[in-house]
Ligand code: AOF
Ligand code: ZN
């Protein structure tokens, strides 16, 4: 129905108002409609606070008998959690019709919420703006189904695919507008991952320097603890996790870092296993992560299979030179017929830069 689309669009708009601040929960919007008019609205603002549907039902000022609820995610029906199940509130409210954009991939729900509503004689329509709803909650979908974060690999490179000159000069390849967008993504993801090579070279802060920006947790791979203590990533704020080799655990630097609130995670393999690291971060409710590293980390992340999405900023510049750093380095490469493949491409112009976004095709 045309109206269903109209009201679901509004619910999606409301969901976005949460501005990626609901982690580890999804962003959800809800609209209640009676006689063709919106009589109440709600959205999920933060984990622990009321769900979108609950908020819309609670704030309604008139009877909901015979009303339709539009919600961007299937209502929850499970009980072992912070808030009561929304299906109870819906069933008791008099709402007769529920339109949902997508099923809740949470294994504790996944269709059971819809089933329950139907059992109570409530009409349920599914799939209105499903793709948009899934896109909005891509972090949540990955996390709730795998307990590991959704990983974005960000690369800022020249037209010839370089990220630094042979001397390592790399700051400000892309335009200010592109960098602002990166700061926006930093404020949306739970964590940012980098490694000691990049940190030693640029001493980055890895904060979100936009108005109202939220800083991500910094996760820094520093196996040999080479990063000096006065570097930004080891200074407050925000919170940092240092990933170090276990042979360094007794190093005095570890104690100093810990006293500053830096969390230490250690590994014993020769190189850090990124699949393992993602599981560790998942245990800490990190639902999303952006990688901002150099040639080696970019390559390592792709080869380890942890990358979900690529964001490649291309600046209209050419550095050239066989010794300049390529966007994806490393010693191993793929044969052409086996190359990493990227799907669902989106291309945007940002000032004079081009942003290519896409998703890694997983084998
Ligand atoms: C939300 N907001 O608007 C909806 C959610 O711990 P709780 O009680 O907040 O429950 C979180 C789960 O509830 C979440 O994983 C998802 O399955 C379901 N729906 N969650 O945070 C909402 N509708
Ligand atoms: Zn709920």
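Glycine too: its Cβ is placed from the backbone N, Cα and C atoms.
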Per TrEMBL: Zn(2+) is bound by 76, 86, and from 44, 51 the site also lists 51
From candidates 186, 284, TrEMBL puts in the same substrate site as 170, 209, 292 the residue 186
Around the Cβ of residue 170 (substrate binding site), other Cβ atoms found within 10 Å total 20
Checking the binding-site residues 51, 76, 156, 170 against ligand 1, those whose Cβ falls under 6 Å of one of its atoms come out as 51, 76
Model confidence over the domain 'CMP/dCMP-type deaminase' (2-123), as mean pLDDT, sits at 96
As a whole number of Å, the Cα atom of residue 292 (substrate binding site) is distant from the Cα atom of residue 53 (active site, proton donor) by 37
